[in-house]
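J.: There's a structure below that I have some questions on.
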Amino acid sequence: MNFTRLPRRGYVTSPTPIEPLHNLSAALGAGVNLYIKRDDLLPGCGGGNKTRKLDFCIADALSQGADTIITCGAIQSNHCRLTLSWAVKEGLDCHLVLQERVEGSYSENASGNNFLFQLMGAKSLTVIPKDASMPETMERLAARLKDEGRRPYIVPGGASNAIGATGYVACAQEIVEQINAMRLDIHTVVLPTGSSGTQAGMLVGMYGTHAQIPVVGINVSRPEAVQKALVQGMCEQTAAHLALDTVVPDSAIVCRDDYIGPGYSIATEGMIEAVKLMAHKEAILLDPVYSGKAMAGCIDLVRQGFFPKGSNVLFLHTGGSPVLYAYLDAFR
């Protein structure tokens, strides 16, 4: 696959490492070899997977002459942090729409990403309740900014549209090239799935390269059927955007909803155990909302015998460790 015809900003300067998780694998004792793709080490304030998506989204914004970025997410959104950070680097204003998905969870004095939004100088923070529409709120904000003479560009939540998901099509190709060079057979990729772009891009990439490595998504918010439909639609849109004949079969879209717990962003015992295990065994920090719950799912699937003994499983670390500082009480 050739991405040279598509505008991008070059935020991803080199492949992120693939590392063995020897200590964690040994601690689980199931004969499954765990590896990690370190997208937490991507450039951008605090790192994380959205840099791959924003590489294409911000390029599209600039190609349209935008001087202002509007995006949305939850109260402690990693996506909002990275969108703001790249807007700052590009000299663009950035407005954030934050959805309070857990009632009473927003505080202007909160730590984590919420503190970073203020530190990096977001032009505005619009906090809305969980039943309010983020897209509609962004459209109203864009209309007001246009009336003021600005040129706003809306990046959807999670940068999850066909443009953003292209970043993970490219990541899938990067993984295939890396494991070929390492002479490493990866039998399954495990990743968190939320706004759908990361999983959809990975699937389109795995089928577009004909590697067809299975991808297991660990849901962070939605029931299985709803998430599968979202990912399927994003796969179709992304393949069309790239003019690929790639068809991702329904059977390839795996979205596990066993590890969400009480709801999005709400701590679970499995997440706390996974975050602590990764810190104690590998000195790698996960986040409580995405990578922590996804690793909880990965660990549980290893313990269940879901992965055959001797198999090599690659966990995609999507970043988000700054959020840990907003969850100190959960770990005490």
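Just so it is clear, glycine is given a Cβ too, placed from its N, Cα and C backbone atoms.
When I checked TrEMBL for this same protein, it listed these features:
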- S77: active site, nucleophile (ACT_SITE)
- 14-319: domain 'Tryptophan synthase beta chain-like PALP' (DOMAIN)
- K50: N6-(pyridoxal phosphate)lysine (MOD_RES)
J.: Counting every protein chain present, what is the number of Cβ atoms, excluding its own, within 10 Å of the Cβ of S77 (active site, nucleophile)?
T.: 27
J.: Using DSSP, would you call S77 (active site, nucleophile) helix, strand or coil?
T.: coil
J.: Please report the distance from the Cα of the residue listed as 'N6-(pyridoxal phosphate)lysine' to the Cα of S77 (active site, nucleophile), rounded to the nearest angstrom.
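T.: One finds 11 Å between the Cα atoms of these residues.
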J.: When a 10 Å sphere is centred on the Cβ of K50 (N6-(pyridoxal phosphate)lysine), how many other Cβ atoms does it contain?
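T.: Excluding its own Cβ, K50 (N6-(pyridoxal phosphate)lysine) sees 36 Cβ atoms within 10 Å.
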